[in-house]
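Beneath this line is the structure, given in C-alpha cells, with notes to follow.
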Amino acid sequence: MSETTSTNEENKPPLNGRRAIPPNYSNDEENEVPEMEAFGLIPRGFNPRDYLRVVDIYMFKEPQEINKQEHHTDKYYNPRLIVRRGQAFQIQIDFNRPYKPETDQFWLELLMGRYPQQNKGTYIPILVGNVLKPGQWGAKIIHRENNSIRLSIMSSATCIIGKFRLYVAVLTPYGILRTRRNSATDTYILFNPWCQLDAVYLDDEKEREEYVLNDVGIVFHGNIEDIKSRSWSYGQFEENILDACLFLMDKAELELSGRGNPIKICRVASAVINSRDDNGVIAGSWNNSYDYGVAPSAWTGSVDILLEYYSSKQPVRYGQCWVFAGVFNTFLRCLGIPARLITNYSSAHDNNANLRLDFFLDDEGKVDTRLTKDSVWNYHCWNEAWMTRPDLPVGFGGWQVVDGTPQETSDGMYRCGPASVQAIKHGHVCFQFDAPFVYAEVNSDIFYTRVEKNGTQVVEKIDTTRIGQLIVTKEVGGDGMVNITEEYKFREGSDEERLALETAVMYGVKKQSIQDTTYQPQTDVDMDFQAQKAVLGNDFKVTITFGNKSRNSYTATTYLSGNTVFYTGVTKSEFQKHSFSAKLEPSSSSSFDIVIKSSEYMRDLLEQASLHFFVTARINETGKILAVQKALMLEIPTLRIKTKGELVAGKEASVTVEFTNPLKQTLENVTLRLEGPGVLRTIKKQFGRIPMNSTLTWEVKFFPMQPGLRKLIASLNSDALRHVYGELNVQIQKP
C-alpha cells in the first residue's frame, strides 16, 4: 500500500499556498481514473470477473438516431454524442450477465478537465433512480432485455457546457470497478434554447431555427443611402468547428466551472475573438495593406478562420468588423446560444464617450483633420446574443449586445458586452457591461465647431439625427432586412427619447449641453447635397442645392471636398477640392452641379469603394456656416455563379464562376474563393491578371455533401478591386 501512495505524490502539481488545486482552464486535459478503486486491502481470492461487468456502451450517436434528432444536433459533422442540457438522452449498457436491481449497484460518471470536482460541476455522478426530475441530473432504466439495459439520462439545465468523459462505475464489496477510458463515449453537452429552464431559452421555433440552426447569414454593409448585402457562411456544424469553439474558451482561460453561464462566455469570447492583448482569433487591419494575410473582404465565412486558428494557435490575418461579427456568430450558435449579426448605419466611434462627435472646421469652413479625432463609421457590425440576465434587475434579459471588434478597452481588455438592448433603449446605462459605449454608438450628436485664430470655438451646426439612423438584421427565415432601430431607441424627438437621454446622463454618460456653447445657426437658408448613382470606374455628378427662405439676397462661398475613406469614416486622401461662390436669390432655390471624374478618385480608392463628401458654405452677409456630409458607395460589379444540370448529394457536380473586369486597367493578383456549408469546403484559386473588359471563367467540380436548400458564396480579391461577391441558392436532391 505504501508504494502506491508515494507514486501519487509525484503526480501532484506543485503546491501553491493560495489554492489547493491549480486553475482548471482546459477542456482537453484529463486525469487518470483508476479502473479498480479499492476500499482497503483486497483479499487474495478476489476476482473482479465475479461481479457485474460492463461489456459495451451504445450511445445512439448517429445523426439519424434518437439523441441527435431530439436534441437538434444532427447537423454537427462530429462522430461523438452531442446533446443539449436540461433534456433527456438515451444510452444502452451491455453487461456480462443480466442486471439484478436487488443486488447490483452501478452509476455513471461524467468528468471534465484535469481536476474534476463535484462542487465545480466538473465531476458529475449520475445515480440510477425511479423518476427523472426536469432539469436535474438523474438516470432511469427504461428497458431491460437479456444482458442489456437502456437508460434515459437527464442533465441539469445549468450544467457547464463542453466535452465530458463518460465512465460506468460498479460497486463491489471491496472497491469500485470502472470502465476503461474510451474516447468513443465522450459526450458534448451544449446550451439548450428549447429548454424552458435554460438561461438561453427562446420560445419561438422559427427564431430557434434561424438564430441557432441556420448556418448561413447576411451581412448588411454599404451606407445609409445605399445599403448593400452579402452572404456569410457561419458553418457552425462543419467538421472540427465545435472543438475549435471549445478551444477558444480554453484560450480565454475561462474556468471550466464558469462555462454554464452565457454571460461569462460572451464576455470572454468578445475579448478572444480579436487578437489585441490576448493573441485571439483575428488580427484587425484597417489600413488597406494586407501583406502576409488575407484581405478582410476576401473571406466568405468563418470556417477557414476558426480552423486555421485552432491548428496554428496564432491570430489569423486580417479582419474588420463584419469578420469579427461573423466569427463571433458562429461561436455563439455552435455552442447553442441564439445569436444574430447586427449592422448599425452611421455608427459613432466616440473616443471620449461624451455623446458628442466633434468635427472641427478652420476659419474658412474646411474640416481640420489635425483636430478631428472622432469618426463616423459608414456602418458597424456587432452581435446580439439571447439570454436571461439574473445579474440585472428584472426586464433586462433578452437580446444583449456583444462586440468582438477591438475599439476601446473595457476593464483593461479590448472587449464589449454583454450589454442589454433594453437597458440601452431606456438609458439605463449603469447596468454592466459597456452600455455607455454602445449607447454612444447609436445616440451621439455631431457638432461642427469652427475654431477661430484666437482659439475660440464657435458651434456652427449640430446634427442630432445622423448617428444610428438605421439598425438592421437579417429577417427570420429569409434573406430580407429587418429594421430593428426601435429596439435600441425611441423615435427621434419623442418625449420617451428625451427621457431616456436624461436617464443616461443621470447614470453618468457625459453630455455637454448646448447652453455651454454659443450656437446660433443660420435658420433661413438650407443646403442639401445629392449624388447620382455611381458605378465604379465611371464619372458621375453631384448636386448642391440651396434653399433661401428669407427675403434677403445672400452669397455663399462654398467648398466641396471629396475624399476616399475607410468604411470607419477615416480619410485616406482628398481627391477633389472645389470652391465656388453661389448667389442665393430671395425665396428661391438654386442648384449647382459638379462632375466627379473617375481618373480623380480611382488612384487612391480603398476596398469598400467608399467616397465621402464634405460641403461647407459660408453665408458672407452673416458669417454663418452651413455644413453637410455624405458618404457615397460606388457600385461594384458582382460575380456570376452558375451550376449545370441537377445537383444530387454524393454525385459529382460542376459550378462556374464568371467575372468581367469593368475597370480601365488590368487587375493584378486576383484570388477567387468559393464555399457553401454542407455543399463544399472553401476552394481558392489564384489568377495572375485580368485585362480590362475581359472575362474570367472558373469551373469547379465537387461532390455536394447534404441534400436540401443550400447557398454557394464566392468572393474575388485583387490589388485594385475588392469586395466583389456573388451567391447562388442551390437545391441539392436526395440520391
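Placed from the backbone N, Cα and C atoms, the Cβ positions cover glycine too.
The model shown is predicted, which means the values in this text are computed figures rather than measured ones.
Annotation comment: TrEMBL describes 1-30 as region 'Disordered'.
Broken down with DSSP, the domain 'Transglutaminase-like' (313-406) shows 15 helix, 40 strand, 39 coil. Residues or ranges marked as domain 'Transglutaminase-like' in TrEMBL: 313-406.
CYS321 (active site) is surrounded by 27 other CB atoms, counting those within 10 A of its CB over all protein chains shown. What TrEMBL records for CYS321 (among others) is active site.
The annotation active site is assigned in TrEMBL to HIS380 (among others). Residues near HIS380 (active site) in space but far in sequence (CB under 8 A, at least 6 apart, same chain), listed by position: CYS321, THR343, ASN344, SER347, HIS349, THR405, GLU441.
The active site feature in TrEMBL is assigned to ASP403 (among others). Other C-beta atoms found within 10 angstroms of the C-beta of ASP403 (active site) number 30, with every protein chain shown included.
Cβ neighbours within 10 Å of GLU492 (Ca(2+) binding site), excluding its own Cβ and spanning all shown chains: 11. Residues or ranges marked as Ca(2+) binding site in TrEMBL: ASN443, ASP445, GLU492, GLU497.
The sparsest Cβ neighbourhood within 10 Å, among the listed binding-site residues (ASN443, ASP445, GLU497), is found at GLU497. A separation of roughly 17 Å, to the nearest angstrom, links the Cα atoms of ASP403 (active site) and ASN443 (Ca(2+) binding site).
The record gives ASN443, ASP445, GLU492, GLU497 for Ca(2+). Within 8 Å of the mean position of their Cβ atoms, the other Cβ atoms in that chain belong to THR464, THR465, ILE467, GLY468, LYS489, GLY493, LEU501.
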